[in-house]
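Structure first, then comments.
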Amino acid sequence: MSVHPPSVPEPRSSDQPQLDKSGQRVREMFRQIAPRYDTMNHLLSLNIDRRWRRKAVDRLRIDSQSPILDICCGTGDLAIAIAERAGGGVQVIGSDFCHAMLEIARDKEAARVQNAAGGNGRATIPFFEADSMALPFADDHFQCVSVAFGLRNIADTDQGLREMVRVCQPGGQVMVLEFSQPSLPILKQLYGFYFRSVLPRVGQMLARNDKSAYAYLPASVGQFPCGERLAERMRDAGLQDVCFQSLTLGVATIYVGNKPGAVAPAHGDAANRQMPEAAHA
């Protein structure tokens, strides 16, 4: 991974209709596809998303006992992967504004802990129902703030990034894992054909209530900034030393940036103050 210097962002595409990314629309869409969301993610990534998450977790700099936040956590895969890497001394928290997705995340976490503890464990990751454009957490609270495959679904990308920076500690890290578009012409053509023609058809076979969701997901990837364009917006949100790494020939990209300031010291129990109560079913 190398640091890319700032450059002028590319203009946004104007030849595609603007997606409806309103909170109500996106929340309802994910409510309907929640039972099949993991399957859909595996289809979108040709089942490579598990390896991408592992690489993203490896990029996190976990160096204190302060908590870690994963926003737009969906069904909890990245939050759980971070918790497994961080160990029991660091509190990992997940947030998402779709209740149905959080239900699945809590079930996954409960099953993980039960299996690890021989049936006697208790879930350790709290999952909060929260809007990523107005996070209910204190300023400068988390040593790392992450998001995987969710930033493009926030209605205001820049506000979502600003919120991630706000709740991150000075000297802390913001990490984004997101789908992107390959730069190699032949691969870009094949990738576009897969997204526009193959994926929606497969999605229609899986969909029961909302077939449009399977058209929205690839369209959201096509219209979302990637590479230097997204890195520049992370810098505009207040991050420094922003760098990015392409994965699988550019199909996905990991972005990492640091919040300016000295690394905040760990304060033990104090690091867990000012947390809202998790919204349980």
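Cβ atoms here come from the backbone N, Cα and C positions, even for glycine.
Where the annotation comes from TrEMBL, it is an automatic prediction and has not been curated.
The DSSP secondary structure for Ser132 (S-adenosyl-L-methionine binding site) is coil. The S-adenosyl-L-methionine binding site annotation in TrEMBL covers Thr75, Asp96, Asp131, Ser132.
According to TrEMBL, the feature region 'Disordered' maps to 1-23.
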* Within 10 Å of the Cβ of Asp96 (S-adenosyl-L-methionine binding site), how many other Cβ atoms can be counted across all chains shown? -> 26
* **Cα-Cα distance maximum in Å, computed over every pair in Thr75, Asp96, Asp131, Ser132 that the record assigns to S-adenosyl-L-methionine** => 16
